[in-house]
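Asker: Quick one: the structure is below, and I'll ask about it shortly.
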Protein chains: 2
Amino acid sequence: MTSEFELIARYFTPAAPGSRAGVALGVGDDCALLVPRRGSRLAVSVDTSVAEVHFPTAAPAESIGHRALAVSLSDLAAMGAEARWCLMALAMTDADDTWLSNFARGFHGLCEASGTSLVGGDVTRGELAIGVTVMGEVPEGQALTRGGSRPGDVLAVTGALGGGAGGLALWQRGEKDLEHPLLVRYLRPQPRLGAGQALRGLATAAIDISDGLLADLGHVLAASGVGARVDVEALPLAEGLLHALGPERAQQAALGGGDDYELLVSLPADALEEATRRLDGLGLALTPIGTITAEPGLSGVADTALVGWQHFGAADVKRGAT
Amino acid sequence: MTSEFELIARYFTPAAPGSRAGVALGVGDDCALLVPRRGSRLAVSVDTSVAEVHFPTAAPAESIGHRALAVSLSDLAAMGAEARWCLMALAMTDADDTWLSNFARGFHGLCEASGTSLVGGDVTRGELAIGVTVMGEVPEGQALTRGGSRPGDVLAVTGALGGGAGGLALWQRGEKDLEHPLLVRYLRPQPRLGAGQALRGLATAAIDISDGLLADLGHVLAASGVGARVDVEALPLAEGLLHALGPERAQQAALGGGDDYELLVSLPADALEEATRRLDGLGLALTPIGTITAEPGLSGVADTALVGWQHFGAADVKRGAT
């Protein structure tokens, strides 16, 4: 195996140090040295993507690199934070040059698109897994948390739902057209960083949909001490989902399927129009899907739908969290 | 397997939020929100410890937890940074309550001793591995890097060398007295955070000895564009090392064994006394072991010693980096 130092030097040392804003010292010393902005909170999160747990080992290396960063950036988006820096911990069994080159292209591509500087990491022997720590910034007092939903607030989601689960289902059926809209959703999710920042000052709570709409809504309700009524008919379904899964499973995918990396937010009814306008400016839909209620619990969703997704298919690859 | 959320809640949610300096929002949301100090650089690093690569799976869980954090904190020490926050990415095959409880005790114990707040993380299924991201702070312009060594500088190390490799050798021979000084060194290394901070303004370069003295010295020489002469007889050997390994292998362990987590620094000759005095105040020795030279390369070390360590024993567990 090529040494860690050579691997890092070859694939993970950014080529243009001058463009890395807020980096006083990048890859190559014991630590990176970063320059936080005054008046900002530092938002930090880590997510690990494990082969055959979170993604198929056989997925294109470029999308594995993109996706590992995307799922972490999605947490910054959910706080309304701007992405700034990341660290990558890569475990792999051997060092394949072609694979690494493609993986790095996917990772660096999303770094560039999101304004994130890779400032360090490590490479170890082990089953393929990628741990990505992201660091972002949000002005003091403006972070979106899970705990601010109030009775009467509108529940809304960005973009469309069910694409992650639908894409995985297609992949497992052997679909190999990587431009199929559902595969694009699953393999190359787009963290909603711009949307999160645009919703500062409007949303009362936010979370990214990684575990599935209902599971993530549950986190918001618990943190906010409220309940919700969901209008299942209003859920925006990902392009191609109905055709691929049929109406029942499409709805289950949207409710429980996970890996969508859209934002679920609550906001006062009178802020919906302005929020919709701002996201429209980003080319992104904001769809009301229910209401926050004072009484705890969830209404509007059939019990069968709540558990339906878990019984759907025999996915080899699924989220490992639960 | 118990759900990720339950595990995190049970073992990795700090009990005393009030004591967590600089934490505006801790574990439990999409990101933690941290409050960096004005005028400080943020020092960040990640290290992953993989079972059977970086530590024996059968090691006490408490020491595995301690050690995983220690190796990351050691990078902060090498920058002269103060430890502030950390994130932990834990991969494990199943959730054993006793093991996790002990692991968490070791991790939290070092958090407390080092003033580090655990502010987030994730738990995934996979072979046992712990990725720890550490974040610290160092006043602007005062960070110690690898690149500042100048010809004529004294080379010096904190504490004693060879304990990591010696402890591993003992462990592999079946030694189970966890209070043996070499096992203490190997299983519960102490990151030299106080020493790193004390050497600000005196040391011209610093690195922590994780890959072995000669390998890490090589990084300093390359970054500084200088060479060094090492006085092998001057190396401070860890307590019990001579007795455990005999003189030849003890010297090889000190030169190439790795996992010592002492600091290797260079400093002007006239700063040595003050540096020694400061570290003495911390109960830590600072031993001169050589000199920085203008001509590149390394002298004073026999070629056989350079490669000796790699041929010593048939360690199952060794650093996976090279």
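Any Cβ shown, glycine's included, is placed from N, Cα and C.
Note that TrEMBL annotation is computational and uncurated.
Here TrEMBL flags A:Asp30, A:Asp75, A:Asp208 as Mg(2+) 3 binding site. The Mg(2+) 4 binding site annotation in TrEMBL covers A:Asp30, A:Ser45, A:Asp75. Under the heading Mg(2+) 2 binding site, TrEMBL lists A:Asp47, A:Asp75. What TrEMBL lists as Mg(2+) 1 binding site is A:Asp47, A:Asp122. Taken from TrEMBL, the feature substrate binding site applies to A:His54, A:Asp259, A:Trp309. Residues annotated as ATP binding site in TrEMBL: A:Gly121, A:Asp122, A:Arg146, A:Ser210. Taken from TrEMBL, the feature Mg(2+) 5 binding site applies to A:Asp211. Marked as domain 'PurM-like N-terminal' by TrEMBL: A:28-138. Annotation source TrEMBL lists domain 'PurM-like C-terminal' at A:150-300.
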Asker: Pull out the binding-site residues from the set A:Asp30, A:Ser45, A:Asp75, A:Asp122, A:Asp259 whose C-alpha sits within 10 Å of the C-alpha of A:Ser210 (ATP binding site).
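Answerer: Those close enough are A:Asp75, A:Asp259.
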Asker: For a quick check of understanding: among the binding-site residues A:Asp75, A:Asp122, A:Asp208, A:Asp211, which residue's Cβ has the most other Cβ atoms within 10 Å?
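Answerer: The residue with the densest Cβ neighbourhood is A:Asp75.
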Asker: Please report the three-state DSSP label of A:Asp259 (substrate binding site).
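Answerer: For A:Asp259 (substrate binding site) - judged by DSSP and reduced to three states - the answer is coil.
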Asker: Other Cβ atoms within 10 Å is the metric here; tell me which of the binding-site residues A:Ser45, A:Ser210 scores highest.
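Answerer: Answer returned by the neighbour count: A:Ser45.
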Asker: Which of the binding-site residues A:Ser45, A:Asp122, A:Arg146, A:Asp211, A:Asp259 has its Cα nearest to the Cα of A:Asp75 (Mg(2+) 3 binding site)?
Answerer: A:Ser45
Asker: On the 0 to 100 scale, where does the mean pLDDT of the domain 'PurM-like N-terminal' (A:28-138) fall?
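Answerer: Its mean pLDDT is 95.
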Asker: Identify, in sequence order, the binding-site residues in A:Asp30, A:Asp75, A:Gly121, A:Asp122, A:Ser210, A:Asp259 that approach chain B with a C-beta to C-beta distance under 8 Å; the answer is 'none' if none do.
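Answerer: Cβ contacts with B, in sequence order: A:Asp30, A:Asp75, A:Gly121, A:Asp122.
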Asker: Other than its own, how many Cβ atoms are within 10 Å of the Cβ belonging to A:Gly121 (ATP binding site)?
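Answerer: Taking all protein chains shown, A:Gly121 (ATP binding site) has 25 Cβ neighbours within 10 Å.
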Asker: What's the CA to CA span in angstrom from A:Asp208 (Mg(2+) 3 binding site) over to A:Gly121 (ATP binding site)?
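Answerer: Given the Cα positions, A:Asp208 (Mg(2+) 3 binding site) is 25 Å from A:Gly121 (ATP binding site).
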Asker: Show me the subset of A:Asp30, A:Ser45, A:Asp47, A:Gly121, A:Asp122, A:Asp211 whose Cα is within 10 Å of A:Asp259 (substrate binding site); these are the binding-site residues I mean.
Answerer: A:Asp211
Asker: What's the number of neighbouring CB atoms sitting within 10 A of the CB on A:Asp47 (Mg(2+) 2 binding site)?
Answerer: 24
Asker: Secondary structure at A:Asp208 (Mg(2+) 3 binding site) (DSSP, helix/strand/coil)?
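Answerer: Going by the DSSP assignment, A:Asp208 (Mg(2+) 3 binding site) falls within a strand, counted as strand.
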Asker: Which of these binding-site residues is closest to A:Gly121 (ATP binding site) if you go by CA atoms: A:Asp30, A:Ser45, A:Asp47, A:His54, A:Asp211?
Answerer: A:Asp30
Asker: Would you kindly give the Cα-Cα distance separating A:Asp122 (Mg(2+) 1 binding site) and A:Asp30 (Mg(2+) 3 binding site), rounded to the nearest Å?
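Answerer: Just about 11 Å between their Cα atoms.
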Asker: Going by Cα-Cα distance, which of the binding-site residues (A:Ser45, A:Asp47, A:Asp122) sits nearest to A:Asp211 (Mg(2+) 5 binding site)?
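Answerer: Given the candidates A:Ser45, A:Asp47, A:Asp122, the nearest one is A:Asp47.
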